[in-house]
Amino acid sequence: MSSSPNSPIACNLPRVTIVGAGRVGSTLAQRVAEKNLADVVLLDIIAGMPQGLALDLMEARGIEIHNRQIIGTNNYADTSGSQIVVITAGLPRKPGMSRDDLLKTNAKIVVEAAKNAIAHSPNAIFIVVTNPLDVMTYLAWQATGLPRDRIMGMAGVLDSARFEAFIALELGVLPADVKAMVLGSHGDLMVPLSRYATVNGIPITELLDAATIERLIERTRNGGAEIVELMQTGGAFFAPASATSVMVESILLNQSRLLPVAAYLQGEYGLEDVVIGVPCRLGCGGIESVLELILSDEEREGLHTSAQSVRQNIERSQEILANKNNS
């Protein structure tokens, strides 16, 4: 297992490790470097692939006008001292598959990645992107033993962006003028909060009828599957990478942005010992606080139903891992 022949990354510069050099991981590496946020270590188990991608990205630095170092490696030792570790490794979705269908394969991958990464970067903040997202984040939390403020999953930023995009398309407005938030699990039981969705401060309930809003909510819930069915060879990667880069940026630059992320809850929203999407303030320490919104009875019920589904899959994943360890 060898590292890239590229120049070594300087120890005094921010470093982001991305585990998994697939389409999400490699696109995220590009986003982080071109935003000039940090040097990047791109790690994958396939020899030569992360090294080749890193070289390709390095050759674009002059065009994109940044001087961030990017290395590709198959060795976790090269990730040492990272401020942030992003886990994207895992089997991607295929047509007809739900995110939960990925549970059996990806549980082992994420646990091994988390353990290896924390051994070399014990002070890092972890962001999990692998599906099923909420369960994988919980498993990574268990595997690393990290406090809950230093581990989170990327889901709500992406789901909210999809909801905003569909609202903008429906109304023919600038997407940046639309603000929306999606809570809950990253799947069919997510909870888009239409009451909090606005266009330049105007509630969408003043602009769209109830049937149209419900149609947009359903499209948001199926947003990932819609892309998988169209592409046939994999899932979304541009928007997931962009969503993750927003989280990385808020942490590295200590922006304290309020973003919906998958977080481990300890009583918030009446939920305990589960990872679920909620609004969090992200800064240099990771999750600085969890914001508890006032939810309607229907929204609260939806969030609790979503959490119950995640709990069931956590139990399934733990059984799978226990059986693998005993075999």
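Placement of Cβ uses the backbone N, Cα and C atoms for every residue, glycine included.
Features reported for this protein in Swiss-Prot:
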- GLY20, ALA21, GLY22, ARG23, VAL24, GLY25, ASP44, ASN106, VAL129, THR130, ASN131: NAD(+) binding site (BINDING)
- ARG93, ARG99, ASN131, ARG162: substrate binding site (BINDING)
- HIS186: active site, proton acceptor (ACT_SITE)
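Nearest neighbour of the residue listed as 'active site, proton acceptor' by Cα distance, taken over the binding-site residues GLY22, ASN131, ARG162: ASN131. If you measure from the Cα atom of ARG162 (substrate binding site) to that of VAL24 (NAD(+) binding site), you get 17 Å. Rounded to a whole value, the Cα-Cα separation of ARG93 (substrate binding site) and ASN131 (NAD(+) binding site) is 8 Å. If you compare every pair of Cα atoms in GLY20, ALA21, GLY22, ARG23, VAL24, GLY25, ASP44, ASN106, VAL129, THR130, ASN131, the residues listed for NAD(+), the longest distance is 17 angstrom. Mapped onto three states, the DSSP output places ARG162 (substrate binding site) in helix. Around ASP44 (NAD(+) binding site), the same-chain residues six or more apart in sequence whose CB sits under 8 Å from its CB are VAL19, GLY20, ALA21, GLY22, GLY25, PRO50, GLY72, ASN74, ALA89, listed in sequence order. For VAL24 (NAD(+) binding site), the same-chain residues lying six or more positions away in sequence with a CB closer than 8 A to its CB are THR88, VAL129, PHE237, PRO240, ALA241, THR244. When the binding-site residues GLY20, GLY22 are compared by the number of other C-beta atoms lying within 10 angstroms of their own C-beta, GLY22 comes out lowest.
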